[in-house]
Amino acid sequence: MTWTQLVPDLLGVFFFAVSGSLLAVRRQFDIIGSLLLGTCVGLGGGILRDVILDVGVPRAFDSPVYLAPPVLAAVIVYFFAHVVQRFHDVLLTFDAGGMALFSVTGTLVALDAGMNHTAASILGVVTAVGGGVIRDVVANDVPQIFRARGLYAIPALLGAGLTALTSWLGWFGLPTAWAIAAVVFSLRMVSLRHRWQAPPSSR
């Protein structure tokens, strides 16, 4: 994995792990529960991606560096939860950051594995939303992707699609990765603020 993939991927793991640890605090889990939930969330989407790609041992198990972000997130949240939770919707903010970054890195990994651009985009979305779904299911909560408040899968699809498109055009690089992630993050946060949602199915 190149630095273009590794740095955003690790940051995405950290953001998702923070969201998992914050939810653990709200559910009054102890620090072990916080660490486990943060790890499941931070690594879950990537593990699901690697299992689908059938690339052997998932990167999260093969590279010890992936364990550092969940541990760091659990420690920070455990000792500073009373400070962090003063900010409104902080869990959703970290969740949006993780989702934005994973929509990019998940697509890149799929492209590197030889998938076509359409399939890679789909797997990028799976990577982006997988960790959040695992977090909410484990904590007995309704997954964000199924909630009416805010767009979730659509920003992830946009990020994955832009990543695949810029890669196909030969324009992709680290600045492009950050720009796409910023667009996805912004769309998610604006949709939360204004309560945008996808049109419901007609009856």
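Quick reminder: no glycine exception, Cβ is built from N, Cα and C everywhere.
Features of the protein shown, as given by TrEMBL:
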- 6-25: transmembrane segment (TRANSMEM)
- 7-81: domain 'Glycine transporter' (DOMAIN)
- 32-52: transmembrane segment (TRANSMEM)
- 64-84: transmembrane segment (TRANSMEM)
- 91-111: transmembrane segment (TRANSMEM)
- 93-166: domain 'Glycine transporter' (DOMAIN)
- 117-138: transmembrane segment (TRANSMEM)
- 150-171: transmembrane segment (TRANSMEM)
Beyond the flanks of the transmembrane segment (91-111) by 6 or more, those residues with Cβ under 8 Å of it: 1, 4-5, 8-9, 11-16, 18-19, 22-23, 26, 41-42, 45-46, 49-50, 53, 59, 117, 119-121, 123-129, 131-132, 144, 150, 152, 155-160, 163-164, 167, 172, 177, 180-182, 184-185, 188-189, 192
Same-chain residues at least 6 beyond the ends of the transmembrane segment (150-171) whose Cβ lies under 8 Å from its Cβ atoms: 92, 96, 99-100, 102-104, 106-108, 111, 117-118, 120-125, 128-129, 132, 144, 177, 180-181, 183-185, 187-188, 191-192, 195-198
Summary of DSSP states over the domain 'Glycine transporter' (7-81), given as helix, strand and coil counts: 65 helix, 0 strand, 10 coil
Cβ-Cβ under 8 Å with the transmembrane segment (6-25): same-chain residues at least 6 beyond its ends: 33-35, 37-46, 65-66, 68-70, 72-74, 76-78, 81, 84-85, 90-92, 94-95, 97-102, 104-105, 131-132, 135-136, 139, 141, 174, 177-178, 181
DSSP-assigned states of the domain 'Glycine transporter' (93-166) in counts, ordered helix, strand, coil: 59 helix, 0 strand, 15 coil
